[in-house]
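Below is one structure, written out as structure tokens, with a few remarks after it.
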Amino acid sequence: KAPLSKSLLLVPSAISILLTLLFQHYQKFFVYNLQAVKEDFQIWRLVCGRTICLDLKDTFCSSLLIYNFRIFERRYGSRKFSSFLLGAWMLSALFDLLLVEITQYIFGITINSLPSGFLGPVFALFVPFYSSIPRVQVTQVLGHFSITNKSLVYILGLQLLTSGSYIWILALSGLVS
């Protein structure tokens, strides 16, 4: 009952696995290279680099998160959910460029490329997840730490956040968008 979520789960994951295992020489087309976008106006890198993950760990974590966030497609319908994802994808691409420029201006760090994948919209889905999914306590560990129905999703998001050096830019742009 969630065709868009299933498509986002299967198609990019399959392409990512194929690129990693069989077609390594085509991975260069899916690198999210911001220098090429800014200097050479290779706009196609925004589409390719922001759709397919090149790291299998990121692919696995983002696929699990998309699977957990399918509840929003069931609540809102496929059309509204796809509009949300498209809007978050476009806004997070803009915020990626802005955050890279701000990082270079303030800290003097030049960032040429960011981790590739559908990560901006995945991080954007954490905002409605936090605000609209109720927290139900499942159990307690050591009497102080409560495990809820949302714990696994937050742990997966934290794993995804710590998987790369500049993935915090994608996470921040996704949350802001």
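Every residue, even glycine, has its Cβ placed from backbone N, Cα and C.
Sequence annotations record features per position, and here TrEMBL assigns transmembrane segment to 7-23 (among others). Sequence-distant contacts of the transmembrane segment (7-23) (same chain, at least 6 residues past either end, Cβ-Cβ under 8 Å): 30, 51-54, 56, 59, 63, 66-67, 85, 117-118.
Annotation source TrEMBL lists transmembrane segment at 81-99 (among others).
Annotation source TrEMBL lists transmembrane segment at 105-130 (among others).
What TrEMBL lists as transmembrane segment is 151-171 (among others). For the transmembrane segment (151-171), the list of distant contacts is 55, 57-58, 61-62, 64-65, 68, 92, 96, 99-100, 103, 111, 114-115, 119-120, 122-123, 126, 129, 138: same-chain residues at least six beyond its ends, Cβ to Cβ under 8 Å.
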